[in-house]
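Structure first, commentary second.
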Amino acid sequence: MRKAVPAKAGDKQRQNQNGPPGGKAGQPRLYGALTKKRDEDTSTEVGEGVDEWSTSKTVVKPPDQLELTEAELKEEFTRVLTANNPHAPRNIVRYSFKERAYKPISYVDQIAIHFSLNGNMILRDSDEGRRQSLRLSNASEKAPSESSAVVSEEAEIKDEKGTEDTQAAEEEEAEGAEAAEAAEAAEAEEPPPPKVKEKKLANQFNFIERSSRTLDNPLRERASQSEPTPCKNFSANANQWEIYDAYVEELQKMEKSKEKEKPKAQIGKKEEKKRGKKLTSLELQSDDITKISNAAKIMERMVNQNIFDDIAQDFKYFEDASDEYRDHRGTLLPLWKFQYDKTKRLAVTAISWNPKYKDLFAVGYGSYDFMKQSQGMLVLYTMKNPTFPEYVFSSESGIMCLDIHNDHPHLMAVGFYDGNVAIYNFKKATSQPSYKSSAKSGKHTDPVWQVKWQKDDMDNNLNFFSVSSDGRIVSWTLVKNELVHTDVIKLSAEGTTMQGPEGLQLQTVGCGTSFDFHKKIDYLFLVGTEEGKIYKCSKCYSSQFLDVFEAHHMAVDSVSWNPYHLKIFISCSSDWTVKIWDHTIKTPMFIYDLNAAVGDVAWSPYSSTVFAAVTTDGKAHVFDLNINKYEALCTQVVVAKKKNKITHIQFNPVYPVVIIGDERGQVTCLKLSPNLRKMPKEKKGQEVKKGPEVEIAKLDKLLILVREPDGRAQGQADKAPL
């Protein structure tokens, strides 16, 4: 065994006890020899008294101690010692984020520490021991010169005292110094031991704590700075004559604007003057006021966004989680309600979304009660501001239909109750239409029930069609700022003749109520009539129909081609039914009875099998043929009042919302729940196919189940291009 070298703290303590640092090196060794001798003397004294203590020791037994026999004493009892801590807890529970539950911990630390002490002894062969020995040797080399000077100073001080005790101490110190010098010389003569390179072992007993640290991601800073807004300094003095001049200039601008608008709408202004109506705010706006109005409109939208923040959050993020437990059923979540004070006594007769601005939609107001006809209004709302419309246009006659141009979203075609058609331009700040038909230009003699924009003609002139109760389907073309009409076809009720004067047989005219053009085939279109028939017509033939469908028993309120499938169209009627047709087969594919007159029906833009219908009892019905072919997934009351009826419904082309209009002039926006707009689920490792081909295949799969064997053969024969 090698001797242990005491730590630094022990060396310093001994140096402080023996004297100041830097003294003679022999003093601590001499002191150690004297203390050793004293310990030996004390040990001999203690050893002599131990025998006396042991002789006087007697065994004392307690009175209740058992007296056992030798056999009982030799009997062995086995005790098993375990390393388990009896005080360690066994019911520790931790929360498992993986399983989302509290789980008991099976492993518990069983270590029980009874005593721990950090020592200050260091092995001489360790690195720290070698470093301390080197420091001591270096200090001992420097010590002789310093220690001699210190001893001489102490001797001079003690000589001044002149006592005999000091002389004896000086002699002892001199002897000790000579012995220390001799020992140092002997140590100096001994050569230092050669340094042996240590071999690093895989398993070393001296444990070294090592720490590791994960790499920190480098910090990145990204800053953006907007361009400063342009600033101008302006200063002026407001005097009485300057204010007067400003009012005069404003009046002159208003008079000029009135003079410009006189030739455009002389008739309308005369009648407005007779009725004592004031000009709308759009006509009275000047250049300065328009600048303020734009800023005020933005501020109004910001305020409304804060007021209706909860509805905006529902529109953007809310998904009804309860749909998972409804067995494919869905709901409609009411969002905003759009209403204008001047349209409370008018019914919503037409609704259309703007193809460019997906939050903007137009609403036409009129009356379906032909005994109570009054003026009409054209209003444009946006979902960004539900409290007030963006544009308001008034008309002398009630508006029955409207349509917005796909390529020119600022142009809108409108049909009136008096048989006229007109084109409104939103870019012009006037309440009057930019172009309007008249009796000279061939207007309809009965209400216009529907208008549809078509592609421009060969000369790139704007073109739209209209259908009316007078049986005429007219094409209107805008040529040199005038509307020129062309009769495409005239409806006639087959098999019904009237006795005219002098025995003439007069054929009755069919009354058109709705029509729709094919999405791909330009010349093909459908016309619904008051008699309940649907005519398949072509622009190329003005004297005959391609086909006639005995569709309904009452007036056909709406007819519409499927946006994906080229052969499928849907119709609804006041006879309570909604029917889905293949235009190559004369019998309907699906028939749905909704127990009330159906006012409108619309296909969804996101699926070929989803459509919605509204009935006069205030309910909205949403169907998905791919999920349920027999009944609606959602039937919900939208209008609660008994005297109120729903008139129209339209799907938004982008957002999962529908807008529904009623007879009280109110438009309600509702959000479809997830079950009403289900998309195919993604499977692992497979991409979900999307697009029109998938939607066509989905609808074809349903039609194969419905078609009869004869219908199948006919359908295969009709697969040739039309």
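Placed from the backbone N, Cα and C atoms, the Cβ positions cover glycine too.
Since this is a predicted model, take the numbers as computed values, not measurements.
Record features (TrEMBL):
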- 167-178: compositional bias 'Acidic residues' (COMPBIAS)
- 210-224: compositional bias 'Basic and acidic residues' (COMPBIAS)
- 255-274: compositional bias 'Basic and acidic residues' (COMPBIAS)
- 1-57: region 'Disordered' (REGION)
- 133-234: region 'Disordered' (REGION)
- 255-279: region 'Disordered' (REGION)
- 549-582: repeat 'WD' (REPEAT)
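Listed by sequence, the residues of this chain that lie at least six past the ends of the compositional bias 'Basic and acidic residues' (210-224) yet keep a Cβ under 8 A from its Cβ atoms amount to none.
Per-residue pLDDT, averaged across the repeat 'WD' (549-582), gives 88.
Each residue of the compositional bias 'Basic and acidic residues' (210-224) gets a DSSP state, and the totals for helix, strand and coil are 0 helix, 0 strand, 15 coil. Each residue of the repeat 'WD' (549-582) gets a DSSP state, and the totals for helix, strand and coil are 0 helix, 20 strand, 14 coil.
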